[in-house]
Amino acid sequence: MTMDMEKCKRIVQYFWDPEPRNDVPAASIWCLGREYAPSQPPSDPASNNPRSPSRQPNASTLNDTTWPKAFLSDFGSRIWITYRSNFTPIPRTKTPEATSSMTLGVRLRSQLMDPQGFTSDTGWGCMIRSGQSLLANTFSVLLLGRDWRRGEKVEEESKLISMFADHPEAPFSIHRFVNRGAESCGKYPGEWFGPSATAKCIQLLSTQSEVPQLRVYLTNDTSDVYEDKFAHVAHDESGRIQPTLILIGTRLGIDNVTPAYWDGLRAALTYPQSVGIAGGRPSASHYFVGAQDCHLFFLDPHTTRPATLYRPDGLYTQEELDSYYTSRLRRIHIKDMDPSMLIGFLVKDEDDWADWKKRIRSTPGQPIVHIFPSQHQPDHGHGRAEALDEVEALDDSDEME
């Protein structure tokens with residue numbers, strides 16, 4: 001019966017929300033800094049025979065043959081953190097302010113189904129989950145390597161996943177995000193996080209976590225990166241750069257991403273330092289990992305799965321590990337994105353830092369990131385006034401989840 005239900009769900013999903021076809025097969029695909037050249041459909045001897053009747057491939061066949069297999073393998077190895085249910089309750093804050101900050105649906109669910117606290121983040125945790133996905137894939141690059149694919153280094157993979165288990169003791173659990181959000185960002189349990197609060201929580205939790213050690217540089221809700229401030233965060237006692245996650249909270253327009261920033265936004269996912277983008281959908285956050293032409297590929301956290309136990313030894317079952325990945329492609333046109341987002345880059349050493357700055361400065365179009373020697377530099381350079389007209393600093397008062 002269960003198998004029949006799953007089959008029915010897949011059939012309904014196919015017609016209601018079909019997977020995208022590669023309708024720009026001549027364009028390369030990028031996934032977190034890796035380029036996948038256009039794939040060539042298999043040759044058909046009948047196509048060279050004028051006497052043979054023409055055959056039109058069906059949608060399923062076209063979809064199977066036109067996405068590069070290497071890209072599908074890479075996409076399917078990106079860690080996907082979604083809504084979870086039945087985890088250890090997150091206590092509710094019983095104040096009028098906390099209650100009013102929740103949506104009606106979350107308020108009713110918490111009162112009727114979770115009177116002792118939140119045992120699921122469905123309806124309010126998608127920005128946290130997108131931020132967790134960005135951070136988890138940052139650790140994947142650091143600990144497993146950018147060339148890692150599923151089926152390799154299973155023990156190390158499991159230990160990485162355990163850090164994001166839905167339990168108060170896990171270093172990067174939703175429980176700890178919510179606690180830090182309440183302490184440092186004024187976010188109540190059950191309240192939507194925005195990119196700014198999520199970035200701040202990532203920074204605080206990374207600072208408190210000794211293994212693996214990761215430094216985090218925040219731009220404090222602007223698109224400006226200051227080299228002296230970055231050095232203060234990234235340099236060790238010997239003056240060498242340690243692995244540092246740069247988180248840029250920005251707004252690239254008013255209601256939609258301004259076309260002048262399309263090139264810069266696409267390019268951000270082609271840099272080898274890219275670890276993705278969190279946010280970017282009206283009233284819903286996603287985790288963007290790839291780009292092709294004017295479309296971005298993303299992982300959608302709006303699927304509720306059973307919570308995983310915290311196992312520091314990393315002994316997870318295959319089924320539990322599988323719940324952190326998906327092979328289902330999703331994409332969106334840049335014009336349909338929400339302009340508020342959190343953009344992440346991982347700089348591992350001096351060469352990475354020099355290469356990243358060079359790429360930022362040479363990207364065509366209106367820049368989405370500005371690099372300056374110092375915050376106290378009196379003149380931010382030509383074009384700064386125009387940039388301020390379009391790129392707005394994030395304000396949690398109008399952030400989306």
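Positions of Cβ are set from backbone N, Cα and C atoms, glycine also.
Record features, source Swiss-Prot:
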type	residues	note
ACT_SITE	Cys126	active site, nucleophile
ACT_SITE	Asp300	active site
ACT_SITE	His302	active site
COMPBIAS	45-65	compositional bias 'Polar residues'
REGION	37-65	region 'Disordered'
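Within 10 Å of the C-beta of Asp300 (active site) we count 18 further C-beta atoms, all protein chains included.
Around the Cβ of the residue listed as 'active site, nucleophile', a 10 Å sphere holds 27 further Cβ atoms from the protein chains shown. A straight line from the CA of Cys126 (active site, nucleophile) to the CA of His302 (active site) spans 7 Å. Counting only residues at least six positions away in the same chain, the Cβ atoms of Thr82, Tyr83, Cys126, Ala284 sit under 8 Å from the Cβ of His302 (active site).
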